[in-house]
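Heads up, the thing below is written out as structure tokens.
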Amino acid sequence: MKEIQDDLTQMPENDSMSKPYVFFINGMSCSNCSGAIERVVRANNESISILSFNADFTTADPKRTTILIDEPSDTSEEARQVIWTKLRSLIEDVGFKCEDYDYMPGTIASASTTTTETQEEVNPTGFFENVLTLGQNLLTSHWFLGALGCGTGIAMLILFLTTGGLPLIAMLPLAGISTLLTLVLGARSYYEAWQKLIKTQTLTMDTLFAVSTISVLLVSIASFFVPWLPMMFEAGLLIYGFRHIGIAIEETIKEKISSARFQDRAPQKVLLYSKTGSKDIELSEVKPNDMIIISPGEIIPLDGYCEENSIIYNTIITGAILPRLFNKGEKVLAGMKVAEDAVPLKIRVSRTAKESYLARLDKGIADSLVEKAPLEIKTAQLLTYFIPTVIGLAVLSGVIIGIFFPPALAIQCAVSVLVSACPCTLGLIIPLAVKTGIHKGAEHGVQYKNAKVLQEAEQIDAVVFDLNGTLTTGIPVVKKWAVLDNTGFSPDQFLAHCAALESKSAHPVGKAIHSFAMKNSKETVVASKPNDSHHSGIFGQINNKDYTIGSGSLMRGIGVSLTEVEQIENMLGLEAGDSLVFLAREDKLIGYMVITDPLRDDAFQTVKALQEMGKEVHLCTGADEATAQRYAKALNIKNVYANAVATSLDLNDRSKPVYINELQKKGLKVAMVGDAANDAQAIAASDFGIAVLSQNSDELTQQNASAIIQNGTLLPIGSAFAISQQTVSNINQNLLLSLGYNLATVLVAGGLLLALGFTLNPGVGVLLMVMQACCILLNVWRFKEQSLPHLEGGVSPEIKASEELSSYQLMRQHTPKFSCDLEIGCCANETTEAQPNATPSLWNSLVLPEQQAPSVAQNMNPFQAPC
């Protein structure tokens with residue numbers, strides 16, 4: 001898959017381009033932290049053009065942070081390292097720790113597996129070092145610190161409540177121990193709050209906890225001298241105890257939600273096959289043209305080509321839940337899975353691990369997260385006011401309650417307000433949902449360009465499809481041909497003239513005609529003055545006579561008898577996928593070819609899925625009206641716009657961009673689905689462009705697209721919209737939950753319960769905050785596991801899942817079989833059953849009457865093409 005850069009289409013060629021600088025930063029807790037870093041980096045780099053700054057809060061420390069910089073395209077690696085080092089120093093000056101330049105997440109230096117018990121006895125220091133490291137990890141883990149704080153705090157609370165008060169000699173050591181323990185549990189929080197305050201004048205979540213716990217400690221110590229002040233030594237312990245437990249729970253759920261790299265799914269050791277035998281080697285050691293063996297049930301780790309037939313799950317490409325048959329020589333991609341009941345599969349490797357489909361997916365996901373979704377930007381702006389607002393509400397709550405109630409209750413309520421509100425979850429909602437959505441899309445064969453388009457896809461009302469190469473396979477073949485009577489042309493002369501006119505054609509149909517004619521004709525002629533200005537054919541001169549090859553509409557345009565053209569069209573009874581190409585000299589027909597471009601196997605299912613989603617489906621193609629209508633009827637598409645050129649000079653032209661604009665003027669949000677260069681302008685003009693990889697894929701088309709669909713399937717188009725809808729729905733649910741929950745907890749903590757005679761312990765306020773985070777994270781996990789409706793109960797075209805035929809299968813049931821020679825582009829009717837490796841049969845339109853076309857040999861005495 002071609003990589004898509006956010007602003008590639010706007011960059012001057014060979015001048016400058018956006019380059020990502022990636023950092024892995026420890027200590028960031030929310031967007032306020034990243035915002036502080038961004039302000040410092042931008043303020044101290046006037047000579048560097050920073051395009052965007054994005055931190056990924058969906059993972060545990062260190063958090064991946066990407067700074068996109070506009071720099072000259074010829075910047076050397078040494079210069080990039082200098083810039084990276086400068087940026088790192090600025091980040092660390094703010095108070096955050098940055099990992100080294102060559103740091104890679106998940107790469108842990110593993111100990112040698114060859115160490116024996118004898119070696120451990122000889123060198124026992126390794127054992128003690130491991131024990132020391134294990135103990136250090138335990139003592140610094142959030143689970144241990146949380147258990148220590150909560151356990152001690154609850155014990156003190158029970159002691160105070162059951163005894164009714166302790167003597168001074170007992171309270172002094174308890175006060176000292178609890179104060180010291182609170183400071184130890186919150187040491188990191190106090191440090192971070194102070195650093196961010198003095199270096200960037202930023203208030204963060206650490207500020208709220210630092211202010212609340214220090215207030216609790218000061219008031220509790222003062223209570224020894226001022227009897228009416230509350231003694232709340234247990235509150236500081238409970239606050240940080242629940243805080244650490246909350247972080248531990250959050251990181252655990254994040255690990256469940258934030259999927260590992262796609263590359264981690266592949267086995268890291270593979271079985272290398274050779275004539276002398278097989279051996280296990282590291283995945284990184286495999287080179288192109290090596291042959292490896294994949295066992296049944298295993299993930300295919302590298303891109304390559306099958307050396308034998310096999311049943312394979314290509315779920316990572318199509319999202320389909322059923323496997324299909326892959327034939328010998330067919331391409332497979334890393335991430336596909338060999339079926340459990342299949343035989344071991346040999347594949348010849350075409351790409352290394354660093355260039356595999358899984359590696360490209362991981363890089364594509366990382367790149368797509370650089371640009372923030374519009375809603376995420378607005379939420380980040382809201383968060384800048386969140387913490388000052390919470391501090392203001394805490395002070396206001398304390399003052400108001402202090403007027404009507406004892407000061408002890410006022411202080412307790414103010415502290416509870418500080419610790420119960422949670423800005424971190426509000427800043428986490430959108431990045432986590434977006435990352436989950438983009439990752440889910442990759443699992444279903446959709447590569448979103450960025451977070452912005454993921455959010456926008458849900459708003460699409462109409463989906464416009466290109467025809468050839470998008471809804472069809474894009475590999476046209478000659479199905480049949482004939483020379484008309486009384487033309488004076490022999491079969492060889494007819495084919496030679498077709499080959500001459502199409503000799504320089506770049507169109508797939510022209511290439512198929514030229515290849516077929518050259519292989520089957522014994523004569524050659526040369527065409528002069530070829531003119532391909534018309535989108536439906538080519539004009540040229542052969543032996544000083546004008547010839548035209550093209551569609552029926554083009555023939556009518558040059559004066560060919562309308563009756564003659566219609567007679568041939570009606571006689572042939574063309575199927576969906578068939579199109580007629582005529583050859584004419586002056587205004588007289590010489591012969592014709594039936595070209596077929598079969599519909600993709602899942603075209604009907606995809607169109608139906610989009611219609612069930614409530615989206616209008618349109619067909620916009622350069623094909624003639626009759627051909628377009630045949631395809632449209634087969635796919636149940638009501639809106640057809642035929643004879644559309646790729647681009648337009650004015651609004652009166654019949655073109656794809658003009659049609660897109662007409663739909664947009666009606667108030668529709670329009671998606672355009674295409675594959676080739678002639679779709680690039682239409683995709684750019686649409687609100688959401690989808691590029692389908694095919695034989696005719698164009699890089700510029702992919703650059704203009706909002707999403708890319710893998711070759712060979714259309715089902716991911718439906719997945720692109722379904723995943724977007726699920727993502728936006730999850731964001732809305734969690735935003736509503738977070739805002740409502742924060743408002744409720746602030747009101748409750750701020751004294752609402754006083755009307756009922758209750759007060760809220762600050763520790764309970766922290767527990768409420770932890771519960772909020774858990775609810776939001778669990779809802780994201782639900783979204784991750786949520787199925788896509790249009791894929792539920794799907795039927796694999798290659799492997800029948802049940803006795804009941806789908807409408808798609810019914811459509812193909814009565815269609816005649818064809819065997820195809822893709823090299824020459826030839827098809828002929830077969831009377832025998834299709835072989836297992838034969839090209840799938842053509843689709844037969846349900847709306848056309850089931851009748852045999854009159855024999856061409858009887859009516860027109862054609863010379864049938866050999867196949």
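Here the Cβ of each residue, glycine as well, is placed from N, Cα and C on the backbone.
Note that the structure is predicted; figures quoted are calculated from it, not measured.
According to TrEMBL, the feature domain 'P-type ATPase A' maps to 266-361.
If one looks beyond the transmembrane segment (143-162) by at least 6 residues along the same chain, the residues whose Cβ comes under 8 Å of a Cβ in the stretch are 174, 178, 181-182, 185, 231, 233-248, 761, 763. What TrEMBL records for 143-162 (among others) is transmembrane segment.
Sequence-distant neighbours of the transmembrane segment (168-187) (same chain, 6+ residues past either end, Cβ-Cβ under 8 Å): 145, 148-149, 152-153, 156, 209-210, 213, 217, 220-221, 224, 231, 233-234, 236-237, 240-241, 244. Residues or ranges marked as transmembrane segment by TrEMBL: 168-187 (among others).
Summarising the annotation, TrEMBL assigns transmembrane segment to 208-229 (among others).
Cβ atoms under 8 Å from those of the transmembrane segment (382-403) belong to residues 30-32, 35, 203-205, 207-208, 211, 409-411, 413-415, 417-418, 421, 423, 426-427, 746, 749-751, 754 of the same chain, restricted to positions at least 6 beyond its ends. Look at TrEMBL and you will find 382-403 (among others) tagged as transmembrane segment.
The transmembrane segment annotation in TrEMBL covers 409-434 (among others).
For 735-758 (among others), the entry in TrEMBL reads transmembrane segment. Beyond the transmembrane segment (735-758), the same-chain residues lying 6 or more positions past its ends with a Cβ under 8 Å from any Cβ of the stretch are 379, 390, 393-394, 397, 400-401, 405, 409, 413, 416-417, 420-422, 425-426, 429-430, 765, 768-769, 772, 775-776, 779.
When Cβ-Cβ distances below 8 Å are used as the criterion, the transmembrane segment (764-781) is approached by residues 238-239, 242-243, 245-246, 249-250, 253-254, 256-257, 415-417, 419-422, 424-425, 428-429, 432-433, 436, 730, 733-734, 737-738, 741-742, 745, 748-749 of the same chain, each at least six residues removed from its ends. Among the features that TrEMBL reports, transmembrane segment is placed at 764-781 (among others).
Confidence in the domain 'P-type ATPase A' (266-361), given as mean pLDDT, stands at 87.
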